[in-house]
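Undergrad: Provided herewith is a single structure, encoded as structure tokens, for subsequent inquiry.
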Amino acid sequence: MEENPTLDSTAWGSSNGWLAPREARGASFPSAGRSLSSVLNELPSAATLRYRGPGVLPWGTPEEEEEEDGGRSRQAFAEATQMELQDPHPSRELPWPMQARRAHRQSHARDQLVHGSGPRMDQLARLLWRSKEKTKEGLQRLQPWAWTLKRIGGQFGAGTESYFSLLRFLLLLNVLASVLMACMTLLPTWLEGAPPGPPGLNTSSPCGFYDPHSQGLVTFDTQLFNLLSGEGYLEWSPLFYGFYPPCPHLAVTYLCWAFAVGLLCLLFILHRSVSGLKQTLLAESGALTSYSHRVFSAWDFGLCGDVHVRLRQRIILYELQVELEETMVRRQAAVRTLGQQARVWSVRVLLNLLVFALLGAAFYGVYWATESTVELQETPLVQETPLLKLGVNYLPSIFIAGVNFVLPPVFKLIAPLEGYTRSRQIVLILLRTLFLRLASLVVLLFSLWNQITCGGDAEAEDCKTCGYNYKELPCWETLVGQEMYKLLLFDLLTGLAVALLIQFPRKLLCGLCPGALGRLAGTQEFQVPDEVLGLIYAQTVVWVGSFFCPLLPLLNTVKFLLLFYLKKLTLFFTCSPAARTFRASTANFFFPLVLLLGLAISSVPLLYSIFLIPPSKLCGPFRGQSSIWAQIPESISSLPETAQNFLFFLGTQAFAVPLLLISSILMAYTVALANSYGRLISQLKRQRETEAQNKVFLARRAVALSSTNPAF
């Protein structure tokens with residue numbers, strides 16, 4: 001160390017009105033017996049003293065220094081306190097303890113009584129802010145099952161809680177779609193009077209006739225078959241598209257309802273995805289995933305009651321468990337040699353080839369089941385046996401459910417062999433299972449399209465007259481609605497059967513058989529990926545079939561309501577907490593993103609049906625039109641000329657090109673602004689790290705100088 005070290009006063013930096021360094025005040029440095037706490041008070045970090053409230057002296061100020069520096073320090077803190085008291089921010093935003101904030105709020109209230117209520121604009125802004133906060137608190141109180149979700153998160157982890165939160169969100173979407181359907185479809189139908197019946201045998205139409213009603217006495221077996229398949233008395237009911245009469249106003253509201261539901265679902269999902277993206281970015285950036293944050297900053301000191309305290313303890317425990325598991329996997333991946341990495345990537349390639357082979361076999365099976373259904377229904381044996389006829393009618397649904405039941409456990413066995421973290425394994429299982437479920441639905445829709453449009457050949461004998469296969473499918477929209485109705489109903493029945501016939505008996509077996517056998521048979525974990533994909537698949541089916549089966553969102557609302565209580569009962573009575581959990585931020589962002597993908601996939605067949613496939617000539621509100629969308633230009637032509645010109649202008653290039661340019665400019669500006677903010681944040685982080693290192697170095701140097709120069 002140097003004999004006569006000197007420190008430049010500028011090296012200490014400016015304190016911005018707070019306690020200046022001793023050298024800057026003209027005093028000698030260092031003083032006799034200086035402690036580390038007194039040196040730290042002269043560093044730039046002394047500016048954080050204001051967070052302890054107004055009028056607080058520096059940390060570790062010795063008794064003998066109070067007379068010398070007390071006046072200056074008190075004066076500096078008094079000036080800072082006066083500046084904060086003049087700050088227009090509310091008391092809750094001041095960096096003070098609770099007692100100081102309460103005193104500031106009371107003092108501010110007395111000043112308002114003495115000097116008046118302040119400017120009218122400030123009072124109005126304060127009123128609007130309070131109204132916004134109260135509205136937000138009221139909406140949070142109106143959320144159903146809030147306490148149930150907290151209990152689930154505390155006992156089974158945030159991943160399981162995210163499943164029930166997604167179920168509640170989807171229930172809200174279906175309730176909203178049901179309300180819109182009742183106001184825009186059912187109500188106009190009833191106001192028009194009793195709808196006419198289906199066209200009978202006496203109808204003179206080149207597209208034949210259509211009469212779904214059963215003739216003669218209907219047995220109980222036939223009634224049950226009609227209930228499960230959507231045929232018979234249900235086929236000509238408000239449940240399906242063909243029931244609604246060809247009224248121009250009803251056709252417009254019917255189509256507007258479909259677009260309104262899709263747009264609202266898109267906005268709600270985007271809002272949920274953006275909120276989840278913020279949590280994911282914070283979690284992945286490392287700012288909130290350190291163990292010190294979990295230990296020192298994750299506790300809520302406003303909790304009341306032992307139950308809430310225990311739930312919060314369990315939540316923190318699960319978060320720490322997730323962090324430790326993923327840190328261990330990352331450390332193992334960081335120390336791999338080149339040979340180990342090559343072996344890991346070879347295993348991943350082979351496993352992915354196996355996954356693709358299984359998916360290809362599943363898709364071919366779904367296509368075969370759909371194409372064979374029509375041929376099997378015409379055989380005499382199937383026609384004479386009602387149970388066999390019901391099985392053949394449900395053959396595509398049974399095959400899709402079987403594939404979705406067998407392959408996800410295989411994907412679950414494959415994922416741990418690839419050497420990823422738990423969160424990455426969850427994402428891979430979700431993606432593979434999602435691709436299986438949604439692609440199976442796409443294959444089913446493709447086979448239906450092949451039957452409706454004669455394989456896309458408009459010049460075929462069966463499709464040349466009416467533009468679709470009118471001989472086998474006189475009302476093809478109702479057929480699509482029936483397939484989606486059967487998928488929804490079969491999915492519900494499958495869920496009930498698994499819970500009542502597999503999960504609860506396993507739990508009873510665990511109680512009746514003591515020992516290792518009973519524990520092995522009764523130990524069950526709530527499989528979040530499978531359950532979440534089941535929800536997204538069911539909602540995608542509803543989005544596809546809601547146009548052809550308008551009451552499908554209402555049926556799905558009832559299904560999700562039953563499913564919530566069934567899964568809750570299964571979770572608390574038959575399942576144990578998961579041995580391996582995953583981060584909740586992954587679920588909060590990835591689940592809505594997958595749901596958004598399901599919405600995009602469901603919109604493709606719907607838009608294709610609206611714009612390209614001719615509607616049925618014998619049923620539905622769009623009968624007699626060249627396409628479903630043709631009703632909109634025809635309705636616009638009945639409006640006043642000014643309204644027509646405005647609406648047609650919205651579809652021209654003169655409106656689309658400037659809109660595209662403005663959107664591109666705004667997007668480029670937003671991206672540039674985000675990049676500049678990102679660079680600024682990175683610079684501030686580096687500056688913070690440098691300042692922290694400088695403070696530690698200066699503090700150690702000051703203490704060393706103080707100990708080597710006791711004469712000062």
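Backbone N, Cα and C define each Cβ position, glycine as well.
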Undergrad: Can you identify, from 559-582, 655-678, the stretch that TrEMBL calls transmembrane segment?
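TA: Going through 559-582, 655-678 one by one, TrEMBL gives transmembrane segment for 655-678.
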Undergrad: When you get a sec, could you say which of 390-414, 490-514 is annotated transmembrane segment by TrEMBL?
TA: 390-414
Undergrad: To the transmembrane segment (251-270), which of 349-370, 390-414, 532-554, 591-613 is linked by the most Cβ pairs under 8 Å?
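TA: It is 591-613 that shares the most Cβ pairs under 8 Å with the transmembrane segment (251-270).
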Undergrad: Apart from its near flanks, which chain residues at least 6 from the ends of the transmembrane segment (426-449) lie with a Cβ under 8 angstroms of it?
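TA: For the transmembrane segment (426-449), the list is 159, 355, 359, 362-363, 366-367, 370-371, 396, 400, 403-404, 407-408, 411-412, 415, 418, 420, 456, 479-480, 483, 487, 528-530, 532-533, 536-537, 540-541, 544, 582, 586-587, 590, 594, 597-598, 601, 605, 608.
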Undergrad: How does the model score the domain 'TMC' (475-585) in terms of mean pLDDT?
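TA: Mean per-residue confidence for the domain 'TMC' (475-585): 82 out of 100.
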